[in-house]
Amino acid sequence: MKLNEIRDNEGARKSRIRVGRGIGSGKGKTGGRGVKGQKSRTGVAIKGYEGGQMPIHMRLPKRGFKNLFRPDYNSVNLGRVQAAVDAGKLDKGATVDAAALVAAGVIRRAKDGVRLLAQGELKAKLSFEVAGVSASAKEAVEKAGGSVTVVGPKAKAAAE
């Protein structure tokens, strides 16, 4: 056997069929697509249909669900709070809660509470009443001389 004698096995490569080239070809006019209907038109694919093969969304396992009662918190970074204090929208000694943040324009509306996050720097001594707080944010507030109280549904979890 020589390199120039190597060939594919018989039937390994199927020759393509040219459709729509006359009645005598056996695949003329409609080209094996049948008559009329969505599937006979060009440019139309049925979403998720993989030619009879089991579609990907059915091959993969079902997973999880969307909890309708999951609380939706407003995330507020310490940098935003400090900017509001610097602009005179928040009092330095006041207690900062969801209502105060809405009034200051830091958040548009209070959802299920406010979660305090640590991005940015807080210089003002403030006491916060929030639904949730990250460990680093709590540390930063206490470092600035303030305090954080967790209120609402997360308060029970924090107390335990």
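Cβ atoms are placed via backbone N, Cα and C, with glycine included.
In Swiss-Prot this protein carries:
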COMPBIAS  1-13  compositional bias 'Basic and acidic residues'
REGION    1-41  region 'Disordered'
COMPBIAS  21-35  compositional bias 'Gly residues'
Within the compositional bias 'Basic and acidic residues' (1-13), residues counted as helix, strand or coil by DSSP: 3 helix, 0 strand, 10 coil
Helix, strand and coil totals (DSSP H, G, I; E, B; other) for the compositional bias 'Gly residues' (21-35): 3 helix, 0 strand, 12 coil
